[in-house]
Amino acid sequence: MTLNGWTQITLYGAVVLALVKPLGWYMTRVFTGERTLLSPVLAPIERGLYRAAGIDARQEQTWLGYAGALLLFHVFGFLVLYAILRLQAALPLNPADQAAVAPDLAFNTSASFITNTNWQNYGGESTLSYLSQMLGLTHQNFLSAATGIAVAVALIRGFARASTRTLGSFWVDLTRAILYVLLPICILYTLFLVWQGIPQTLGAYIDATTLEGGKQTIALGPVASQVAIKMLGTNGGGFFNANAAHPFENPTALSNFVQMVSIFAIGAALTNVFGRMVGDERQGWAILAAMGALFLAGVAVAYWAEANGSPVLASFGLSGGNLEGKEVRFDIAASALFAVVTTAASCGAVNAMHDSFTALGGMIPLVNMQLGEVIIGGVGAGLYGMLIFVVVAIFVAGLMVGRTPEYLGKKIETKEVKMAMLGILCLPLMMLGFTALATVLPTGLAGPANAGPHGFSEILYAYTSAAANNGSAFAGLSGNTPFYNATLAVGMLVGRFFVIIPALAIAGALAAKKTVPASAGTFPTDGALFVGLLVGVILIIGGLTFFPALALGPVVEHLAGAAGQTFAMGD
């Protein structure tokens, strides 16, 4: 570990914190319907879109109506994306003559991109046409990110409103998230990325002759526009197979830093939106503090583990940190920080190969996802996931003091707790259930490239990433098989919608309740005690649930490495 590394981490945290209030203020105005700087230009476009779609922007929906509209929208989006991928060979903007995507891979990819996961069992430059990348994937990157923001805003309204059955309009929230938040930032962001050296072209791939006389095909495409939304929207799917490790996706240290900031920007700012909309900004800062505590702990462990390197190599007197799988233009600190950021925020983009991290260094991204992607989390998804944990934490606090649990003047009762636990428990069910299945079936065991505990970790990481809607991978797993394409897709769909629906049900139940005035016995939820309780609940539920699986994978791998033991295929 170096002073330069810690300086990078400190600067990163400072920049993200500096964006929380201004971006939170702006998004609050957007979703409360107030005038913004962009309203003179965008408001007429917004009204025109509503007229064209036959939507009454003033008509709000109950939680069931909101959820129904959301699900219908995603079914349609899934079918359209699946059709684009299957018909790719017959569609235009295909200069490399890419063939149609296989049915099982198209199913997996469609599920992946509508759920904001962006798990990729293919190499983008060798599988997809420009049309599929733009109209199919980039389009869904905007829609899935906007959906997460919309659900978070609906849940905030559930806490903020009283004695009402409505949560707003899904169509309005979706439109405003794209039109006022995602698109304006992405336009400027794309220009910055082009300036940094990322291609943005519809020209064909280039056939080049190397200095040694060999032939090489240089893949190009509309890369910058996809990178902008994949980072800002915490989607994570790469235009190229190497993702953000590819110099055409992430060419410089500056582009790397800005991409990391953009991953956290909206998710962190939504905590401020929460505080503003419920009338007490301290509530938002308390939630952000809990997120920050978990994030800093993860960064410290991951950086320490990668800086110290493999214990097996250290036993031979080799030091200098673990540089395997890392780009030389990014040092160990930037690679470890990116890994923690991308898995804390359910982004899944990578600038280094997580499969090449040390056992403990690779365990941190795994744990980040297993905690429910609530450490900032995906845009919107992180906040509504954290608020689900808040409901459980408040319920636990009420049990400890023998009082009816209350949060922001709303009583937390049986329905809210049941829905919260449904949203929490569906993730380990997918992560651990499918991992167990893959480890006992020959088709599952054929996937990992490594034996022993690391091979188990590759399987566990895949299903954890899918259910947590992250999309990153221990890439030693060969996942492009019917078994993995199908099971990973199911994990992604359940991990997305079986959290969204309980979150909306909680919002509907809370919005219908009257606000109870605070009393002397009300548990304060804006201080260090609440932050500690919330972090404790997250660690207990997440940590204890997954500890046996972690013990079989990265923990055993680390202990075996410290004892000088390695595993070959077949061991």
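Each Cβ is built from the backbone N, Cα and C atoms, and glycine gets one as well.
What you are looking at is a predicted structure, and each value in this text was computed from that prediction instead of being measured.
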Transmembrane segment per Swiss-Prot - which of 380-400, 527-547: 527-547
Criterion met for the transmembrane segment (5-25) and the transmembrane segment (254-274) (at least three Cβ pairs under 8 Å): yes
Sequence-remote partners of the transmembrane segment (330-350) [C-beta within less than 8 Å, at least six residues beyond its ends]: 1-2, 4-6, 8-9, 12, 116-119, 230-231, 234-238, 243-245, 253, 256-257, 259-260, 263-264, 267, 294-295, 298-299, 302-303, 305-307, 321-323, 357, 361, 364-366, 368-369, 373, 375-378, 381-382, 465, 468-472
Interface present between the transmembrane segment (178-198) and the transmembrane segment (421-441) (three or more C-beta pairs under 8 A): no
Same-chain residues near the transmembrane segment (178-198), Cβ under 8 Å, at least 6 residues beyond its ends: 26-27, 30, 36, 38, 42, 45-46, 49, 142-143, 145-146, 149, 223-225, 227-229, 231-233, 247-252, 254-255, 258, 262, 266
Among 136-156, 254-274, 527-547, stretch most in contact with the transmembrane segment (285-305) (C-beta, under 8 angstroms): 527-547
Contact between the transmembrane segment (357-379) and the transmembrane segment (64-84) (at least 3 Cβ pairs under 8 Å, separation 6+): no
